[in-house]
């Protein structure tokens with residue numbers, strides 16, 4: 001119990017600090033490092049499994065897991081790039097590809113559920129053969145693909161092909177009835193049909209044009225500034241003493257005249273005033289979700305480098321075709337989140353489940369059942385962490401790593417989810433953080449060239465992965481050693 005508690009404390013402290021610094025480190029590896037430190041402090045280094053089935057697997061995961069996720073994501077994006085985005089009519093090709101991708105994503109999610117979740121919760125599922133598994137997976141995948149054909153395709157066709165600016169999200173429920181709507185009236189309101197997913201991101205041609213314009217306008221600007229300075233000097237020298245006296249008297253009057261503002265008239269309310277307390281509580285409660293992550297990503301730092309030049313190396317595809325993948329990206333984000341809960345959260349609540357089992361039964365087993373309330377507790381803590389502190393990781397894993405768009409994000413998340421699903425099936429404690437980083441780099445490489453990736457940020461992320469095990473191990477080992485050797489009642493010094 002003490003060892004697992006020390007592992008939880010060390011991993012929690014390290015993850016909190018790493019998140020504050022924007023380091024996307026692994027929760028799984030933080031827990032593993034904490035357990036290693038406890039083992040070394042309690043029984044020595046010989047008690048730790050340093051082989052392939054133990055710590056060596058973590059070291060290998062730094063290269064293998066991001067590489068696998070990057071390959072899956074790169075293959076998906078290459079298929080999307082050449083079969084949809086580079087076609088003469090990319091919107092039509094995107095509409096055709098939507099049912100296939102919907103079926104693929106929901107099929108993978110169903111595969112994870114029936115393999116991992118339902119099989120452990122239901123005795124009936126454990127007796128299934130290959131035929132039952134294949135039937136359920138393909139049945140749900142085909143059903144979801146048909147639902148996208150019935151409801152989503154008419155909505156997108158009306159919005160993107162016919163430019164129906166009057167549509168709202170709830171019109172998707174009308175399905176085929178949308179095709180019977182009348183002609184689209186002129187858009188007199190100026191309302192945008194879809195957002196520009198490349199807003200604020202320039203192409204290489206635009207950057208080159210801006211650079212040439214700057215070079216041409218610099219001499220004229222310098223000349224105009226020098227003329228303005230000369231005119232200002234002439235105007236100042238032509239001011240008469242009388243006018244300067246008037247100016248000085250006016251300045252004296254201005255400086256001696258008291259100025260009353262509304263803030264002076266209305267003193268600030270004390271902190272314990274109910275409206276002030278309510279405003280402070282709202283600001284603290286909603287701070288994590290009100291941060292503009294996109295604006296944060298544009299801020300320059302030592303890790304960002306020249307973001308404009310990096311983003312300019314990526315190709316800008318048809319904006320309407322990109323919009324079709326925004327719906328798929330929501331689905332793949334949910335799938336990746338589900339896979340994250342099935343793998344990382346299970347590893348994070350493992351020590352807590354061990355503590356509860358020892359306390360509840362008074363015995364130690366190699367395997368212990370995990371109560372449902374512990375899983376709910378871990379899921380709730382995950383949501384709270386995302387709500388309050390998640391923006392620190394979002395801004396570094398977004399456009400600061402490479403240019404993102406719906407089609408790219410869809411492939412990144414689906415490639416990462418496929419890798420996590422495979423690892424969950426094989427009972428391998430992989431990191432979803434490493435999967436999504438590898439998938440992002442993989443898509444970035446096939447999206448542009450080597451310089452379309454922010455390698456400074458990649459190095460920063462890898463540095464966080466490398467120091468995770470030593471730091472969490474040192475913290476948990478020190479805690480364990482101090483507590484084990486602390487003076488206690490009834491024992492001699």
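Heads up, the Cβ atoms here are built off N, Cα and C, so glycines get one too.
Unlike curated entries, TrEMBL annotations are predicted automatically.
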Of the residue ranges 59-79, 164-184, which one carries the transmembrane segment annotation in TrEMBL?
59-79
Feature transmembrane segment in TrEMBL, mapped to one of the ranges 370-390, 391-411, 412-432:
370-390
From 435-459, 460-484, which range did TrEMBL mark with transmembrane segment?
460-484
Which listed span TrEMBL calls transmembrane segment, if the choices are 20-42, 135-157:
135-157
Outside the transmembrane segment (460-484), six or more residues from its ends: residues with CB under 8 Å to it:
2-3, 6-7, 9-11, 13-14, 18, 23-26, 29-38, 40-42, 55, 58, 62, 303, 396, 434, 437
